[in-house]
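Database features, via Swiss-Prot:
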TRANSMEM  2-22  transmembrane segment
TRANSMEM  53-73  transmembrane segment
TRANSMEM  78-98  transmembrane segment
TRANSMEM  112-132  transmembrane segment
TRANSMEM  152-174  transmembrane segment
Amino acid sequence: MLDVILVIIGYLIGSISSAIVVCRAMNLGDPRQGGSGNPGATNVLRLAGKVPAGITLLGDWLKGTLPVLLAWLATEDPVVASAAGLAAFFGHLFPVYFRFQGGKGVATGLGVILAWSPLALLATVVTWLAVAGAFRYSSLAAVVAFAMAPIYMLWLSASPVLTAATAILTAAIVWRHRENIVRLAAGEESRIGSSGS
C-alpha cells in the first residue's frame, strides 16, 4: 500500500506546472498561449526572461527529484523509486490540475535522473550542454542527451531497473519533441536565445 501511495504522491507533485504557477504569480500570462505554447522553462525564457525561467527550471527539476528521494527514504527499493520517478515525470507531461496538458519533461526528467544516479545525471547534463553549446538548439540537446541517458545509467549505476526506467523517460521525451525534430530537419527550429516559437 505504501508503494502505491508513493507513486500517487509522485504523480500529484509532478502535475504541478511550475511554468504556469510562476507566470501567474509574476503576472506574466499563460505560457501555453505564447511562444511555443509549451509550459516549460525554455518557453518561459523566450516569453519572460531569465529569472522566471530559472525559477521554472528549479521547480520542474525539484518535482522530479523529491518524489524519488521520498521513495528511496521510505522503501530503499529501486523499483518503487523508479515508479515514483516515472509517476512524477508523467505527471509533468499529463498534469491532472491542467487538463492533462503539460510540458515536454526535460527538466523534470533530469530531476528524476538526479535522484536515481547523480553520476548519470552529470553525464547527461554535460551532453546537453555540449550539444546546446555547439548547435544552439535546446530541443536537439534534449533529444541527444536523453538518448544517451540510458547508456549512462547502465554504465554508472549498473541497475537494470533504473536503466529500463531511464529508457522510458527517453522514449517519452523523444516523442514529446517529435514536432521539434520535424522543424530541425526542415531548418525551422528556434535557437536558444531567439524570440521565435
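Note that Cβ sites are derived from N, Cα and C of the backbone, with glycine treated the same way.
Listed as Cβ neighbours of the transmembrane segment (53-73) (distance under 8 Å, sequence separation of 6 or more from its ends, same chain) are residues 6, 9-10, 13-14, 16, 18-19, 21-22, 40-42, 44-45, 80-81, 83-85, 87-89, 91-92, 103, 107-116. When Cβ-Cβ distances below 8 Å are used as the criterion, the transmembrane segment (112-132) is approached by residues 61, 64-66, 68-69, 72, 81-82, 85-86, 88-89, 138, 140-142, 144-146, 148-149, 152-153, 155-157, 159, 162, 165-166, 169, 192 of the same chain, each at least six residues removed from its ends. Non-local neighbours of the transmembrane segment (152-174) in the same chain are 78-79, 81-82, 85-86, 89-90, 93, 104-106, 109, 112-113, 116-117, 119-120, 123-124, 142-143, 146, 181; each lies 6+ residues outside the stretch with a CB under 8 Å from one of its CB atoms.
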